[in-house]
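A.B. asks: Next up is a structure, given as structure tokens.
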Amino acid sequence: MRDRFRGRFRRRRRRGRGSFKRGVFLLPNLLTTGSLFIGFYAIIASIQGNYWHASLAILGAIILDGMDGTVARLTKSASPFGLQYDSLCDLTAFGVAPAILIYNWALAPFGRFGWLAAFVFVACGALRLARFNVLAQSGEGASDFRGLPIPAAAGVLASTIYLTEDFRLHALVPHALVAAAAYALAFLMVSTVRYRSFKKLDGPLRRPFRVLVGAVLALFVAAAAPQVVAFAVMTGYAASGPLLVLLRMRRPREGASQPEEASPPGP
């Protein structure tokens, strides 16, 4: 009798563990689906001319995209299926959605040149995602990204529109500048410029009090001026890669320009 009871208890316990594991694996994919849903809403809002809502939706999708990867790593539920599904959703939310947004917002008057700039952004975003999947499967790129991540590129465009629409500065933004930004971001996505991934936060977590104070201050500033903070963070991150490349190129030149010290005469 006791053996039967123990056997039933063990089977129920195993079933409970199995359902818990399925729930853990489902959570990151639910967040990814949420990002896809918000990205699809951004497309509909752009077509209807609601550019403020569309840009805000893309920024919200970026938050969900960062959460699904973090949850997958913390729960150890990362899988090849999740990687491919995340990339497909990213192409919609951060490739197609911002391209349609900038085309309807600024590039439509340029005709074929306008939709060509939007298409180049989408195409380079797809290439960036394909390269990321290959590097992820081979185990490379754990500490940094090769090329600007597509969510960051979409964030630059979305935060720009979010800022200008909220402060009603649309008339002050040249449409040609938006096209140039789309081409520049597309180039950065397929380039080999290194960007920090922030996946490993062991260093900052060693000082939890400073991290807590910084997080509180960041939330306070973001609540006071979310448009400015979003624009500054996105453009700052996109510009960090080329700036680091320039600094690395400048250091060897400075070292070579310094005169060598004269060696003391021998005995």
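Any Cβ shown, glycine's included, is placed from N, Cα and C.
Marked as transmembrane segment by TrEMBL: 20-44, 88-107, 113-133, 169-190, 211-239.
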A.B. asks: With a cut-off of 8 Å between Cβ atoms, can you find at least three pairs linking the transmembrane segment (88-107) to the transmembrane segment (169-190)? Only pairs 6 or more residues apart in sequence count.
C.D. replies: yes
A.B. asks: With Cβ-Cβ distances below 8 Å as the criterion, list the same-chain residues six or more beyond the ends of the transmembrane segment (20-44) that contact it, or say none.
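C.D. replies: Long-range Cβ neighbours of the transmembrane segment (20-44): 53-55, 57-58, 60-61, 64-65, 67-69, 71-72, 75, 77-79, 82, 85-86, 89-90, 92-94, 96-98, 100-101.
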